[in-house]
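Copied over from Swiss-Prot, here are the features:
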- H88: active site, proton donor (ACT_SITE)
- W22, A56, Y57, E58, A80, V81, I82, F113: 5-amino-6-(D-ribitylamino)uracil binding site (BINDING)
- D85, T86, R127: (2S)-2-hydroxy-3-oxobutyl phosphate binding site (BINDING)
Amino acid sequence: MNRIEAHLLATDLKFAIISTRWNHLIVDRLVEGAELAFVQHGGRSENLDHYLSPGAYEVPLIARKLAESGRYDAIVCLGAVIKGDTDHYDFVAGGAANGILNTSLHTGVPVAFGVLTTDTVEQALNRAGIKAGNKGAEATLAMIETVNLLRQIPQS
């Protein structure tokens, strides 16, 4: 059996990051983690474009337009949707997740779902690097690996 693995090298990659304006204290940490991961793995800051979305619900459309532009090898979507007392959370979190997945599947451009969906602000802060790991960095690493793996798939 042939085992095909990708490397975590971003030297020649061009990424877009989309982040939400809501919960910016949390999201800013995710963006910092994403940028740091990209640069630490050989990417150049000038090959990383950052787009600010009004909210998580708008992210899929922005991701779709960026993917269709042909300018990016991958897109990293970052945000924080924190559960409240209404059903609004379910619609926003579900809509963002489905839209981001559909963008990736329909365009063939890898798009990471780095939107935190948590019950509390504390949980979101922990996932943004306060206690353990930074989901922005993790989403970026997943995209670096995915792009490099896709490049190894033979074209027919």
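The backbone N, Cα and C atoms fix where each Cβ goes, and this holds for glycine too.
Where Swiss-Prot records a feature, it is marked here on the structure.
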| residue | record | DSSP (3 states) |
| --- | --- | --- |
| W22 | 5-amino-6-(D-ribitylamino)uracil binding site | coil |
| A56 | 5-amino-6-(D-ribitylamino)uracil binding site | helix |
| A80 | 5-amino-6-(D-ribitylamino)uracil binding site | strand |
| H88 | active site, proton donor | helix |
| F113 | 5-amino-6-(D-ribitylamino)uracil binding site | strand |
| R127 | (2S)-2-hydroxy-3-oxobutyl phosphate binding site | helix |
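In this structure, W22 is the one among the binding-site residues W22, Y57, F113 with the smallest number of other Cβ atoms inside 10 Å of its Cβ. Applying an 8 A CB threshold to same-chain residues 6+ apart, the list for A80 (5-amino-6-(D-ribitylamino)uracil binding site) reads T20, W22, N23, I26, V27, L30, V115, L116, T118, A124, A128. A56 (5-amino-6-(D-ribitylamino)uracil binding site) sits 17 Å from R127 ((2S)-2-hydroxy-3-oxobutyl phosphate binding site), counting Cα to Cα. Rounded to a whole number, the C-alpha distance linking the residue listed as 'active site, proton donor' with F113 (5-amino-6-(D-ribitylamino)uracil binding site) is 19 angstrom. Looking only at the recorded positions H88, R127, the densest Cβ neighbourhood within 10 Å occurs at R127.
Counting every protein chain shown, 26 other Cβ atoms lie within 10 Å of the Cβ of V81 (5-amino-6-(D-ribitylamino)uracil binding site). For the binding-site residues A56, I82, the ranking by surrounding Cβ atoms (within 10 Å, all protein chains) places A56 first. Looking at the residues that bind 5-amino-6-(D-ribitylamino)uracil per the record, W22, A56, Y57, E58, A80, V81, I82, F113, the two CA atoms farthest apart are separated by 16 Å. Every protein chain considered, the tally of other Cβ atoms within 10 Å of the Cβ of E58 (5-amino-6-(D-ribitylamino)uracil binding site) stands at 17.
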